[in-house]
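Shown next, in structure tokens, is the structure this report addresses.
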Amino acid sequence: MAAESFEEDASSSVAAKEDELVISDSAQHPANLICELCRKFYNWGWVTGTGGGTSIRHGDHIFIAPSGVQKEMMQPRDIFVMDFHTRNYLRRPPSLKPSACTPLFLAAYDQGAGCCIHTHSQWAVLVTLLVERDLGKDACFEIECIEQIKGVPKGKGKQGNLGYYDRLRIPIIENTAHEEDLKDTLEGAIKKYPDAYAVLVRRHGIYIWGDNVVKAKTLCESLDYIFQLAVEMRKQKLLWAKPQTTWGKFQAWFESTTTTLPSGYHTQLYP
Ligand SMILES: CSC[C@@H](O)[C@@H](O)C(=O)COP(=O)(O)O
Ligand SMILES: [Zn+2]
């Protein structure tokens with residue numbers, strides 16, 4: 001066999017092997033799922049104009065979408081595959097670059113996530129602006145007593161979801177000119193809020209992760225619902241949560257104890 005044709009054969013068999021990482025009849029294969037999810041996310045306004053994206057970890061393989069492409073038009077062959085341990089690419093589609101969100105996705109996988117979703121949802125962006133205007137740059141988004149909060153997990157290593165009376169807190173970090181430069185502040189926010197499965201990025205969007213695809217997707221839906229509601233609540237001058245002053249904390253504690261007190265006692269003390 002001529003040397004040239006041997007090299008051609010070898011490189012086409014490498015390409016075929018790499019394709020096996022993303023080509024599958026199963027709708028549940030990560031490469032198929034990323035494309036399917038991004039089509040839904042586009043329809044929900046989460047990955048408009050090439051922004052946003054989704055990544056899935058399956059065993060030792062991390063599946064990542066390409067950069068700067070219409071996320072709703074992606075095909076499984078466009079997907080990059082990285083080894084979780086070495087962080088080397090096992091598959092790089094020619095003439096495409098991996099998503100600029102990759103370092104942020106990896107930060108979520110270092111937390112034990114199985115899926116990470118990045119959206120440019122307008123509700124998420126608006127919430128970051130309202131928090132900055134009304135509570136300052138260092139504040140996080142806080143809300144309580146909304147049924148959909150029950151769709152949010154309590155935190156890493158904790159069983160179950162938040163309850164109706166629990167306060168949901170989502171940290172907010174400042175945007176940077178380049179997506180990859182968000183990594184350090186995102187990791188800082190995760191350290192400061194170890195229960196958070198999501199970090200808002202001011203004037204940009206949100207990163208959300210979960211143990212698996214279903215958990216990440218349903219959390220993304222719950223949070224987007226809550227953000228939209230929060231924006232509408234603010235228009236109606238409704239509070240997201242009770243003020244956390246010492247007095248506010250005392251009142252909250254007192255209210256939680258009034259059921260055991262004689263009727264009228266509460267109103268006599270605090271008319
Ligand atoms: C509209 S461009 C948005 C990008 O700069 C970025 O914020 C983003 O979310 C997507 O990055 P990408 O590299 O295309 O996966
Ligand atoms: Zn983005």
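Cβ coordinates are placed from backbone N, Cα and C, and glycine is handled just like the others.
Record note: TrEMBL gives His118, His120 as Zn(2+)-binding, and the candidate from His29, His204 in that site is His204.
Most Cβ neighbours within 10 Å among the binding-site residues His118, His120, His204: this distinction goes to His118.
A 10 Å cutoff on Cβ-Cβ distances gives Glu147 (active site, proton donor/acceptor) a total of 9 other Cβ atoms nearby, all chains included. Candidates His118, Glu147, His204 (recorded positions) were compared with Cys101 (substrate binding site); those inside 10 Å Cα-Cα are His118. Cβ atoms within 8 Å of the centroid of the Cβ atoms of His118, His120, His204 (the Zn(2+) site) belong to the same-chain residues Gly51, Gly52, Thr119, Ser121, Ala124, Val125, Val201, Gly205, Ile206, Tyr207, site residues excluded. Glu147 (active site, proton donor/acceptor) carries a helical DSSP state (H, G or I).
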